[in-house]
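Noted in Swiss-Prot for the protein shown:
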BINDING   G36, A37, S38, G39, S40, G41, K42, S43  ATP binding site
DOMAIN    1-234  domain 'ABC transporter'
Amino acid sequence: MSSTALAVKGVEISFETTTLAFDCAVPAKRIVAVAGASGSGKSTLFNIIAGFEQPGRGEVRILGEEMTGRAPAERPVSIIFQEHNLFAHLDVATNVGFGISPALRLDAANRTKVEDALARVGLAGFGKRLPPTLSGGERQRVALARAFVRHRPILLLDEPFAALDPGMRAEMRALISDLHEEEGNTILMITHHPDDVRALADSVLFLDRGRIVAHDEVDRFLGRRDIAAINRFLGNEG
């Protein structure tokens, strides 16, 4: 297995008025915060990695394998969005079961895996509940359970805590840290909060105007004063 989990090389994608360009390499088994102002290209980078958008040039390699031409379902990637992760009309266990089999062909062993996954995220006994009856934090825990039953080596978290209060954010950060330690996967997490960087990340990819302008270990990133956009993110201005 490659020691580099993710390599984005010479990737460019053009929209009507702008071209975004990305280059980065992420070591395996790390938690990487992906930060930057709204519109800096964070979600576009995730969409390219996951296969939802195709770049005009460049390549994406995951664990050394080139991803060009692979559909999202064929990539070793799970993604959790800020919201809309679950099917509201299906119970929690069924939502998690989709992570094992999209056709929901689950034998007894797989149903046990679903129950175990829910227990791991603190939702034992929630299998028959419907998503609309859950809190925002509980719904994100269900999405995490589904991601982890897939056992994909790359997990993309697109602002997973955005709708949560500070206490729930801290609980979710701790849960993700614990699950990451168990799984040994590589996590990229979009965030607008320096506290998420300090509490959870090993390193930071920082984007500004469609470019990755910094890729630093956390301590170095938190000490930077040379890039205005980073100063704004960290609240160092004024």
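Cβ atoms here come from the backbone N, Cα and C positions, even for glycine.
If you take the C-beta of G36 (ATP binding site) and look for same-chain residues 6 or more apart in sequence within under 8 angstroms, you find K42, F206, L207, D208, A229, F233. In the three-state DSSP scheme, K42 (ATP binding site) is classed as helix. The Cβ of S38 has fewer other Cβ atoms within 10 Å than any other of the binding-site residues S38, S40, S43.
Close to G41 (ATP binding site) in the fold, though at least 6 residues off in sequence, lie L20, F22, L207, R209, G210, R211, each with a CB less than 8 Å from its CB. Each of the binding-site residues A37, G39, K42 was scored by the number of other CB atoms within 10 A of its CB, and the lowest score belongs to G39. Mean per-residue pLDDT, taken over the domain 'ABC transporter' (1-234), amounts to 92.
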